[in-house]
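Student: Starting off with a structure, shown below.
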């Protein structure tokens, strides 16, 4: 057992991912980092047996993502019976194209000598933005494009490294299927910056991250019509393209590389995808396929800042006196009197956000509209709330009571099959505890949103300062040029 531990190492530590670009003599490292997961490649325990001092260097050219694998180690275990070293190259071949296993000199020569200066990402430019004085672009292209397939096949191992339970896409499907997919590449765009490239052939682009989306057919029945069967041929003689059918757009993969995380690239990428939905009349909703916790936070932040102005514009808030619309009080939560449901549905449809996510953001916004002193975090008297309920004199206390009731109603509908198996007292306690946890989560998000607002405000001020500085510099150069011309003309004039 001790010998096995001596010859075993952590696969996440052994793999080193490096992004490189050309330099004067040989490729230069732009960034280096380790994977978060390696179990799809090296097994559930994420350990590699059979080597001492193992380093698996996985390099990618910054612009076209050409990969290269280089394995080095101090010692290799000699096979004994069934105990033999892990076949590292064999394991990686399932996740990388054949060109990744060329010799190191061949890879370095390709990076150095390849004329990458004219490289332009495939597809069309969807969005450009600046962060901390650097320029970035987001390009979108169909997966049916051969150049997109080339880039994706080179870089798809990142799905296994960073997206838990993620599956690389198949690029061998029929063209009509591939055409349902869109790939978004996020890249630095140094061609706009006043810096000299490291070599005359170097590209101005460098990978930051990417996302993939696909169209999912949306069945939208017009209930005013009575559907009738047709006797026409099947399949129909005219070509039906997926891009022309009503669809949901689903985000399948979404990745910002570790060196670029936490700086706003994810929000820019998500907002670009969302804008694509708004601009396409055939897309009905934007959905996400199995999001993880970190993506949920990003999505909540983006959607909250998209919807909040609309909620404020329409004065969306909880009606503290819903019973005024009823001749007598009912045992049910009067949702239709508490909220302007028609207006909310119109906002949701206009912004193409799927119902569950919209209800989540709406719930968060309604909590934020209640003053902090009337919420649990601000010291609200919860015992008094349980006694007074909707009869409290303070309308904000009544709003807070109804907010908790609306949230309990949503939670009960979602988990009804589990809750009905509990005793009534246990059911009430479970709902009360869950509402408290939901509220705590929203309060944490409010803090995150405030930090984001401050960061965006600082970035905007920095961009404005940079623009003003550039304008002052241009004006200064113009004045100096005019002065030089005046001095030159004066020097040619005869002296008195």
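Along the chain as shown, the residues are counted starting at 1.
The backbone N, Cα and C atoms fix where each Cβ goes, glycine too.
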Student: Of the ranges 415-455, 456-496, which one does Swiss-Prot flag as region 'Disordered'?
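Tutor: Range annotated as region 'Disordered' by Swiss-Prot: 456-496.
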Student: Taking the Cα atoms as reference points, how far is residue 264 (acetyl-CoA binding site) from residue 181 (site 'Interaction with histone H4 N-terminus') in Å?
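Tutor: Residue 264 (acetyl-CoA binding site) to residue 181 (site 'Interaction with histone H4 N-terminus'), Cα-Cα distance: 24 Å.
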Student: Return the residues near residue 266 (acetyl-CoA binding site) by Cβ distance under 8 Å, restricted to its own chain and a separation of at least 6 in sequence.
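Tutor: Listed in sequence order, they are 209, 254, 256, 298.
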Student: What count of other C-beta atoms do you get within 10 angstroms of the C-beta of residue 289 (active site, proton donor/acceptor), across all chains shown?
Tutor: 14
Student: Fewest other CB within 10 angstroms, which one of the binding-site residues 262, 264?
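Tutor: Each of the binding-site residues 262, 264 was scored by Cβ atoms within 10 Å; lowest is 262.
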Student: Taking DSSP three-state, what's residue 256 (acetyl-CoA binding site) in: helix, strand or coil?
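Tutor: Strand, per DSSP.
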Student: If you count other C-beta atoms within 10 angstroms, which of the recorded positions 181, 254 is the most crowded?
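Tutor: In terms of Cβ crowding, the pick is 254.
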Student: Quick check: which same-chain residues outside 254, 255, 256, 261, 262, 263, 264, 265, 266, 267 lie with their CB within 8 A of the centre of the acetyl-CoA site CB atoms?
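Tutor: After dropping the recorded site residues, what remains is 209, 260, 268, 269, 298.
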